[in-house]
Amino acid sequence: MTTSPGGPETKGRTAEVDINPVSASLEVAGKPGHFNKSLSKGPQTTTWIWNLHALAHDFDTQTNDLEEISRKIFSAHFGHLSIIFVWISGMIFHAARFSNYYAWLADPLGNKPSAHVVWPIVGQDILNADVGNGFRGVQITSGLFHILRGAGMTDPGELYSAAIGALVAAVVMMYAGYYHYHKKAPKLEWFQNAESTMTHHLIVLLGLGNLAWTGHLIHVSLPVNKLLDSGVAPQDIPIPHEFLFDNGFMADLYPSFAQGLMPYFTLNWGAYSDFLTFKGGLDPTTGGLWMTDIAHHHLALAVMYIIAGHMYRTNWGIGHSMKEIMESHKGPFTGEGHKGLYEVLTTSWHAQLAINLATWGSFSIIVAHHMYAMPPYPYLATDYGTQLNLFVHHMWIGGFLIVGGAAHAAIFMVRDYDPAVNQNNVLDRMLRHRDTIISHLNWVCIFLGFHSFGLYIHNDNMRSLGRPQDMFSDTAIQLQPIFSQWVQNLQANVAGTIRAPLAEGASSLAWGGDPLFVGGKVAMQHVSLGTADFMIHHIHAFQIHVTVLILIKGVLYARSSRLIPDKANLGFRFPCDGPGRGGTCQSSGWDHIFLGLFWMYNCISIVNFHFFWKMQSDVWGAANANGGVNYLTAGNWAQSSITINGWLRDFLWAQSVQVINSYGSALSAYGILFLGAHFIWAFSLMFLFSGRGYWQELIESIVWAHSKLKIAPAIQPRAMSITQGRAVGLGHYLLGGIVTSWSFYLARILALG
C-alpha cells in the first residue's frame with residue numbers, strides 16, 4: 001500500500017487517495033464503447049448498439065478490480081447530482097421567467113399554477129388555458145409553486161438566484177466527479193470504512209442537513225408565510241437578508257425572539273413554543289401542515305441524527321464496530337445470525353444497492369400516502385391535480401425501486417455471493433429454506449387471489465341476477481375492516497393521551513373529524529372505510545404477494561435450481577439453458593425481473609385507480625349550503641367499486657369522458673397522449689408475442705432485396721436477441737400503460753377543477 005508523498009500530516013499512516021490514477025482523455029471518452037475491447041472496434045452488426053447500452057454502466061463487465069468499480073460508481077454519483085441540479089435549476093427558472101407564480105402567491109385560491117406557455121407555431125397555443133387573472137398557460141401539477149411558497153420565496157431575484165445557484169452547483173458536482181476519478185481517487189479502504197461512512201451520513205448529511213433546514217424554516221419560511229397568510233402582498237414582504245438579524249421584526253411575529261438565546265442556555269426551551277409547536281392536523285388558512293410543527297419536526301430529527309452519528313468507532317477507539325454489531329446479532333432460530341454480512345456489504349455494492357433500493361422504494365410509497373393525508377405545503381391540499389400527481393408519481397417510483405432492489409439482489413447472488421463466507425448465517429439459511437419459503441408464498445398468493453377476486457365475481461353474479469341482498473356490501477353482507485377502523489379511532493383520539501401527551505391534535509384528519517374547507521373546497525377529512533375498502537385492500541395484498549413471489553424466487557434461485565443446477569455459470573441474464581435443453585427459458589435472474597415488472601405494473605395501477613376513485617367519491621369536493629360536501633362522484637365508491645362491472649362502467653368508462661372528449665380544448669394534449677400511449681402499449685405486444693427467428697428471417701429477406709438493388713448497408717442488420725426483445729417489449733408496455741393512465745387522470749381532474 002502506498003502513502004502520499006510529503007507533509008507531516010500523512011506521516012505514519014496510509015493515504016486515503018491515489019493521485020492522478022487515470023489520465024483524462026476526451027479522445028478516449030468520446031469513443032463509443034471505449035470501455036469494452038469488443039465494442040471499441042465499432043459496429044459490425046446492429047447488435048453493437050444494443051450491447052453498448054447494456055454494458056455502458058455495467059462496471060463489473062469492464063474490470064474485476066473492486067477499487068476501480070467503486071471509484072466509477074462514486075464518480076457517477078456526482079454526475080447524477082449534476083443532472084439533478086440542472087433539472088432543479090430549469091424548474092425554478094421557469095417559475096421565475098415563464099410563470100404566474102407571483103399572481104398565484106397573491107391569490108392561491110383564485111389562480112391555478114402555470115410555469116409553461118406553449119408557443120403558437122401551428123396552433124399548439126390551444127393548450128394554453130386561462131389559469132386565472134388572464135394568464136394563459138399550461139396548468140402544472142408538480143407542486144413547484146407550493147414548495148417555493150413554503151420555502152418563503154416571494155421575490156423574482158430569489159428565484160433567479162436559486163436557478164443560477166443550482167447551475168453553479170451542477171458545474172461543481174460535474175467537476176467533483178472528474179476530480180475524484182482522475183485527480184484524487186479514494187482507495188478501496190475509504191469506501192469500505194463503514195463506521196466513518198455512517199458517521200458522515202448521520203451527522204453531516206442527515207443531522208446538519210435537518211438542522212440547516214430547521215434554521216431556514218424558522219428564520220425565513222415562518223415569517224414570510226405568516227405575513228402572506230395575514231394578507232400582506234408578496235411585493236411588500238422584505239426579502240430574507242433584510243430581516244434575518246432583525247430581532248425586533250421577528251419578535252413582532254414570534255415574541256420569544258425578543259428573549260434571544262437565553263431560554264436555550266437556561267434550559268427554558270418551552271419559551272420557544274410560539275415557533276416550535278406540536279399542534280397536529282392542518283393549518284385552516286392554507287390546508288397544509290402547520291409550518292411551526294414542520295420546524296419542530298426537523299429540529300427533533302436533527303438532534304436524533306446528530307446523537308446517532310456519535311455511535312460508531314472511528315478515530316478515537318470508542319463506540320460500536322459495525323462488524324462486531326453484526327456478528328453478535330444472533331437469534332434463537334438464525335444460526336450464525338448476521339455473521340458474514342459485514343463482508344458481503346463491504347465487498348458487494350450490488351448487495352448494498354439492493355437493500356437501499358428496497359428501502360427507498362418503500363419510503364417513496366410512504367411519502368405518497370403522507371402527501372395527501374398530511375399535505376406539507378401551503379394550498380397543496382386543495383390543488384387536487386397536484387395531489388393526484390404526487391401520489392401517482394411516488395407510487396410508480398416506489399414500485400420501480402423495489403423491483404430494482406430485487407434485480408441487484410439477484411446480480412449479487414450471481415456475481416458476488418461467496419458460499420465460504422456465508423456459512424449457516426441468515427442468508428445461507430434463507431437459501432437452504434427456499435423451497436419452503438416459495439411454496440408457502442405461492443400458497444398465500446393462490447389463497448388471496450381466489451378469495452379476493454372471488455368476492456368481486458360473487459357480487460357481479462348477484463347484481464346481474466337482481467339479488468342485491470346477497471352481495472357483499474355495506475347494505476347487505478358486510479365485511480367491515482374492523483382493525484383499520486380501530487386504528488383510525490385510536491389515532492383520531494391520541495392527542496393528550498399517554499401515547500402523545502403534548503400533542504394538541506391528531507396527526508391527520510384522515511383518522512377522523514369534520515372536513516376542513518379551504519376556499520370552499522375540502523382540504524382533508526375523515527376517510528371512511530367499509531366493505532368496498534376491505535375488498536380492494538385484499539386485491540392489493542394479492543398483487544403485492546405475487547410481485548414479491550416472482551422477485552424473491554428470482555433472488556433465491558439466481559445461482560441454482562433443480563432444473564438448472566449450474567445457473568450461476570450462465571450469468572444474471574440468459575435466454576435459455578443452451579439449445580439442447582427445452583423448457584429452460586425465462587429462468588434467469590433477469591427474466592424474473594422482467595416478469596416481476598409486469599406484476600408491479602398491475603399492482604401499482606390498481607393502487608392508483610383505487611386512490612383516484614376513492615378520493616373523488618369520499619374526500620374531494622366542495623362545501624354545500626347545508627355545511628356538507630358535494631363530492632366529485634357523489635359518494636359512489638361504496639356501492640359501485642364492489643363489482644368488476646362497476647369498475648369498468650363507473651370508473652374507467654365514465655371517468656375517461658374528459659380525456660376522450662378533450663380534442664379542441666386546452667386538454668387536447670392529454671387526449672393525444674391517451675391515444676398514442678395506447679398505441680405504444682399495443683406495439684409492445686409485437687415484441688412480447690413473437691420470437692427472434694421470425695424477425696431474423698424477415699430481416700434476411702429484406703437484406704436480400706437491398707443487395708439486389710445494390711444498397712446493402714455496411715453494418716449488417718440483425719434481429720434483437722431474445723432478451724433484448726423482451727426488454728424492448730417491456731419498456732414499451734410500461735411506458736404505454738403508465739402514460740395512458742397518467743393522461744386519463746390529469747384530463748379528468750383538471751377538467752373537474
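Backbone N, Cα and C atoms are what each Cβ position is placed from, and that goes for glycine too.
If you look up Swiss-Prot, you'll see 73-96 (among others) marked as transmembrane segment. The list of residues near the transmembrane segment (73-96) in space but at least 6 beyond its ends in sequence, with Cβ under 8 angstroms from a Cβ of it, reads 57, 59, 115-116, 142, 144-145, 148, 156, 159-160, 162-164, 166-167, 169-171, 173-174, 176-178, 180-181, 186, 191, 349.
Sequence annotations record features per position, and here Swiss-Prot assigns transmembrane segment to 159-182 (among others). Residues 20-24, 71-72, 74-79, 81-83, 85-86, 88-90, 92-93, 95-96, 101, 148, 153 of the same chain lie 6 or more positions beyond the ends of the transmembrane segment (159-182) yet place their CB under 8 Å from a CB of it.
Distant neighbours of the transmembrane segment (198-222): 150-152, 240, 244, 250, 253-254, 275-276, 291-292, 294-295, 298-299, 301-302, 305-306, 308-312, 314, 322; these residues of the same chain sit at least 6 beyond its ends, with a Cβ under 8 Å from one of its Cβ atoms. Sequence annotations record features per position, and here Swiss-Prot assigns transmembrane segment to 198-222 (among others).
If you look up Swiss-Prot, you'll see 294-312 (among others) marked as transmembrane segment, on the strength of sequence analysis.
What Swiss-Prot records for 349-372 (among others) is transmembrane segment.
The annotation transmembrane segment is assigned in Swiss-Prot to 388-414 (among others) on the grounds of sequence analysis.
The annotation transmembrane segment is assigned in Swiss-Prot to 436-458 (among others) on the grounds of sequence analysis.
Annotated transmembrane segment per Swiss-Prot: 534-552 (among others), in sequence order, evidence recorded as sequence analysis.
Cys576 ([4Fe-4S] cluster binding site) falls outside any helix or strand according to DSSP and counts as coil. What Swiss-Prot lists as [4Fe-4S] cluster binding site is Cys576, Cys585.
According to Swiss-Prot, the transmembrane segment annotation covers 592-613 (among others).
The transmembrane segment annotation in Swiss-Prot covers 667-689 (among others), and the record cites sequence analysis as its basis.
Taken from Swiss-Prot, the feature chlorophyll a' binding site covers His678, and the record attributes it to sequence analysis. If you draw a 10 Å sphere around the CB of His678 (chlorophyll a' binding site), it holds 15 other CB atoms from the protein chains shown. In the three-state DSSP classification, His678 (chlorophyll a' binding site) falls within a helix.
Under DSSP, Tyr694 (chlorophyll a binding site) is assigned to a helix (H, G or I) in the three-state scheme. Around Tyr694 (chlorophyll a binding site), taking its Cβ as the centre, 11 other Cβ atoms fall within 10 Å, counting all chains. The chlorophyll a binding site annotation in Swiss-Prot covers Met686, Tyr694.
Just so you know, the Cβ of Trp695 (phylloquinone binding site) picks up 17 other Cβ atoms within 10 Å once every protein chain is counted. The phylloquinone binding site feature in Swiss-Prot is assigned to Trp695.
Positions annotated as transmembrane segment by Swiss-Prot, on the basis of sequence analysis: 727-747 (among others).
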Three states by DSSP: which one describes Met686 (chlorophyll a binding site)?
helix
Sorted by position, what residues of the same chain at least six away from Cys585 ([4Fe-4S] cluster binding site) have a C-beta under 8 A from it?
Pro575, Cys576, Asp591, Ile722
How far is it from Trp695 (phylloquinone binding site) to His678 (chlorophyll a' binding site), counting Cα to Cα, in Å?
23
Express the distance between the Cα positions of His678 (chlorophyll a' binding site) and Met686 (chlorophyll a binding site) as a whole number of Å.
14
Given the binding-site residues Cys576, Met686, which one is most crowded in terms of C-beta atoms within 10 angstroms?
Cys576
How about the transmembrane segment (534-552) and the transmembrane segment (294-312): do they have 3 or more C-beta pairs under 8 A, pairs 6 or more apart in sequence?
no
Give residue numbers and ranges for long-range contacts of the transmembrane segment (436-458): same chain, 6 or more residues beyond its ends, CB-CB under 8 A.
430, 471-472, 479, 535, 538-539, 541-542, 545-546, 548-549, 552-553, 556, 642-644
